[in-house]
Amino acid sequence: MNYCGNTTITDFYILGFSHFKTEQILLSVGIMIMYLMTIVGNLAITVVISLVPKLHTPMYFFLCNLSVIDVIYVSSTLPKLLSITITQDNRISFAGCISQLYFFTFSGVCDIFVLTSMAGDRYVAICRPLQYTLIMNRRVCGTMSAMCWTVSAVNSLLLTLLTSVLDFCNSLEINYILCDLKTMTALSSSNTTSRKIFIFVEDIIIAFVPFSLTIVSYFQIISTILKLHSAESRLKAFSSCTSHLTTVILFYAPALIMYMKPESEHSREQDNLISLLYVAVVPMLNRFVYSLRNKDVLNAVRKLNAK
């Protein structure tokens, strides 16, 4: 808990969509629908993959990881945002804000690592198919998954602890839809120059490097697919990675827009709408991408329904 002189900080105020006075009911209904659809969709995908032996492959193992992470992701942000839009009480306790910061950062970073692992899986499957079962065995997949979760948890804990000791004396109003690292650092009255440098370096290591590996993997994948002789083989190979590629685009595109867009007070409402797209819409769409566009998952659902 932070102290400014003799004043103890107990609450922050998430302004979020406070300017949208007349649209609060519409926002509440939209957020509730997106939250429920994301939770139900992710749990359904996890159950289907767990019950169908045919889906016990590295790609679907990582998809299960992604589903669990997305449940944590939306659960750390949307319930509080929903409460604010319904009750108009935009207070969030210091402990609640720090907790939200941790889980939001953790799930975001873990998403990046799992998506990168899935890109590696697709690279081996298409570019080195004869060695696929040898390289992507159960032990390797388990180790990759454990590393994703462990590194994300430790990294997020470090960033959260660094943020929790900052002073917040000038303002307690968070002109955003949640407590995230960038917003909290900007809000602080402490000298955050060293932290901003640290966060910039972290962004390169945690976000840019995995993103670059994913891009390189897909360059290799596309190059290999184009070298296949028959159109049927090319179509089959490309269809095996379209769901993942779509998810990567859905994840990174809004993130790049949100975090690389220059700060502007006049466009803050627009920024918050983009953030809602990133926080709520993308996790919801991911499950539709892997269910409606994936024949294996659809066939598995039909078999379960037939039993």
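Yeah, the Cβs are placed from backbone N, Cα and C, and that goes for glycine too.
According to TrEMBL, the protein has these features:
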- 25-52: transmembrane segment (TRANSMEM)
- 41-290: domain 'G-protein coupled receptors family 1 profile' (DOMAIN)
- 59-78: transmembrane segment (TRANSMEM)
- 98-119: transmembrane segment (TRANSMEM)
- 140-162: transmembrane segment (TRANSMEM)
- 204-226: transmembrane segment (TRANSMEM)
- 238-260: transmembrane segment (TRANSMEM)
- 272-290: transmembrane segment (TRANSMEM)
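Per-residue pLDDT, averaged along the domain 'G-protein coupled receptors family 1 profile' (41-290), amounts to 86 for this model. Ranked by Cβ pairs under 8 Å to the transmembrane segment (59-78), the stretches 140-162, 204-226, 238-260, 272-290 are led by 272-290. Using a Cβ-Cβ cut-off under 8 Å and counting only residues 6 or more beyond its ends in the same chain, the transmembrane segment (238-260) has close neighbours at 59, 66, 111-112, 115, 118-119, 122, 125-126, 182, 211, 214, 218, 221, 225, 271, 274-275, 277-278, 282, 285-286, 289-290, 293-294.
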